[in-house]
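**Q** Please see the structure below; I have some questions.
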Amino acid sequence: MSKALDIERWNLECEFNNTDHRTDLNGVDRLILRRGQVFTISLYLRSGTFQPGVSSLEFVAETGPQPNEQYGTRASFGLSASIDTSRWSAAVTSPPGDMVALSLCAAPDAPIGRYTLTLGPSERIEFILLFNPWCPGDAVYMENEQSLEEYVLSQDGIIFRGSYKLPIPTPWNFGQFESGILDTCLQILDMNPKCLRNPGKDCSGRRNPIYVSRVLSAMVNCNDDKGVLLGKWTDGYEGGVSPLFWKGSVEILRNWDKQACQPVRYGQCWVFAAVACTISRALGIPCRVITNYVSAHDNNGDLVIERYINENGGLLKSGEMIWNYHCWVENWMSRPEFKSDFHGWQASDPTPQEKSEGVFCCGPTPVRAIKEGELTSKYDAPFIFAEVNADVVNIMKKKDGSTSKVTTYTYVGKKISTKRVGSDAREDVTHLYKYPEGSDEEREAFKKANHQNKLLQQQQNEGLHIAIKVTSDMRKGCDFDVFAVVTNNTQSDKKCRLVFGSCAVSYSGHMGNNCGFKDLLNVELSPGAERRVPLRLNYSKYGEQLTEDNLIRLAVLLIDFSNSQAMLAVRNIVLENPEIKVRILGEPKEGRKLAAEITLKNPLPEALENCCFSIEGSNLTSGQVLSERLGSSVGPGEDAKVKIYFTPTHSGMRKLVVDFDSNKLCHVKGYRNVIIGKK
């Protein structure tokens, strides 16, 4: 006859278990585990000893407000001779005595979240269970150790902004292991509308990373729910801060928590994506941020972006947009409902653009499905396919109300980028989304996607050709020239009108005011001739017009008088901010006070006022943003310089993210990688 163990107390061995489960950066004061992996606890008996075959111990693991064995949110199991990592199991690993070393394992498909584990009739312990990408039985299993280090454990990274001609690396502090962040991530799951409607079913769904990714895609924005961020792309940032204010996810998630789940103001695509990446990594789903340059927003599913221009080449307001770049995330997981090719990276977009199943969310959809044009794949494959493949059709609206099609040279889905594993360099992942332009494989993918426009697309008119060329001296604060280059490839003389315009533009495609304009009514070109037409952009004019994105849209409209055919070339240029230089003073070691000496040279022909530097870094600044304001203005060519002190808490490679803000240079970003030694 079996005899129940008489337990007096226990030791959860949090430091050993959390370190073994790679959750120790969350702290070692409570038990945080990954599913499908063995953990150990020590039981101390009040009376008697453990006797194999005689002593018994029953366990019940429960998660969520309505635990249910049918839903998988409740599991009952007893002691086994050995651990079985494919299911909930427990085994004693110590010799008979009054201390019992107990090994346990959660099923590799158990729902993630907060758990209560009952031992025997009444003893209870609590722990948090996460996805386990190190476990072959988990749907998020990833084989490569360097990739796991980057996509799960790395607390900082690089997000690419700027333009496809000049991708600009922006540092970001993901901070998924900072104090309180994991609890906030679990709270986000609990606040999602599906959980509020049916908590039992929602908690059951948390066994599946596809379900969790889709919930996060909806909950990072607040359009349908008590989500984290409110997006804003126009008309200032009253009542909140510019999206460029943020240096990381920690402050955003803490603000959401402090504000009783009211949305944080404001986010734009890279902020939505970065916060989604933080939450995914915190929960154990491998994740990376993706940037798609020249990204299409197709709101009617026809894979065509129609853009209307006026007779000067200026863009008229339209519901469909071309974003200079757009960011989303990829999460790594298997897709058992599809063929094996579709396992791996899944695109998911938390920026609220279009509704999916009645909710502002997008994905996850297999990246390979986008490449193959298999658009019936769940979820939202057609929308993401359009972002990287849509056709752009420009139509001129004339003053008399008539319209005519304009020959254009715009291609979407360029230089799709992410941070390289183990390096701050850019990795081009365009080949994961698209076959080479013009290849047989691309043609086959377009057939599957029913992308008729691309299939019927004819060769561009080789008669007259226009292009926009720039020089390397395009820096904010400078005057510089840009050039329209017109080539006559025909055998006859050509007379044309050339309109060369420029205006400030936001990264999402919203037009600002004029920065420079030229209208030449009589451009003559003999056969084979090339003509370069300069346009001078003066800081005195463009400086006041620029948005924080530092982008200027250049557009050249060429009208051939012999046949009234119009051609349009468009190029967005980004003006680089000055470099921030960071020097670390002191020996970088855990617990040792260091100083960051930070310098920025004013590149503008006018003084900078209200200058402020701030720094942030996981395990460097104790989860805080540290700031230092300058007491005086900084004249043209002068250095803004401060020292900010911080004390690292953990060893390893860390990224110190730096922000400079002033009246004329807004939220300039920089960073310094710091190797922190052990005490």
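Each residue, glycine too, has its Cβ placed from N, Cα and C.
Look at TrEMBL and you will find 261-352 tagged as domain 'Transglutaminase-like'. Annotated active site per TrEMBL: Cys269, His326, Asp349, in sequence order. As annotated by TrEMBL, Ca(2+) binding site applies to Asn389, Asp391, Glu437, Glu442.
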**Q** Checking the recorded positions His326, Asp349, Glu442, which are within 10 Å of Cys269 (active site) at the Cα level?
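**A** Correct set: His326, Asp349.
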**Q** Excluding near sequence neighbours, so keeping only residues 6 or more apart in the same chain, what lies with its CB under 8 A of Glu437 (Ca(2+) binding site)?
**A** Tyr411
**Q** For Asp391 (Ca(2+) binding site), just count the other CB atoms lying within 10 A of its CB, please.
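**A** Within a 10 Å radius of the Cβ of Asp391 (Ca(2+) binding site) lie 22 other Cβ atoms.
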**Q** Between Asp391 (Ca(2+) binding site) and His326 (active site), what is the CA-CA distance rounded to a whole number of Å?
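**A** Checking the Cα atoms of Asp391 (Ca(2+) binding site) and His326 (active site) gives a distance of 17 Å.
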**Q** Across all the protein chains here, work out how many other Cβ atoms are within 10 Å of the Cβ of Glu442 (Ca(2+) binding site).
**A** 18
**Q** Could you give the mean pLDDT over the domain 'Transglutaminase-like' (261-352), rounded to a whole number?
**A** 93
**Q** Which residues, sitting 6 or more apart from Asp349 (active site) on the same chain, put a CB under 8 Å from its CB?
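**A** Within the chain, Asp349 (active site) has Cβ neighbours under 8 Å at Ser217, Ala273, Trp328, Val329, Cys361, Cys362, Gly363, Asp380, Ile384.
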**Q** When a 10 Å sphere is centred on the Cβ of Asn389 (Ca(2+) binding site), how many other Cβ atoms does it contain?
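**A** I count 25 other Cβ atoms within 10 Å of it.
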**Q** If you count Cβ atoms within 10 Å of the Cβ of His326 (active site), leaving out that atom itself, what do you get?
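**A** Here the count is 26.
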**Q** Expressed to the nearest Å, what is the distance separating His326 (active site) and Asn389 (Ca(2+) binding site) at their Cα atoms?
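**A** With the alpha carbons as reference points, the distance is 14 Å.
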**Q** Is it possible to list how many residues within the domain 'Transglutaminase-like' (261-352) are helical, extended or coil according to DSSP?
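**A** The composition, in the requested order, is 18 helix, 40 strand, 34 coil.
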**Q** Counting across all protein chains present, how many other Cβ atoms fall within 10 Å of the Cβ of Cys269 (active site)?
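**A** Taking all protein chains shown, Cys269 (active site) has 27 Cβ neighbours within 10 Å.
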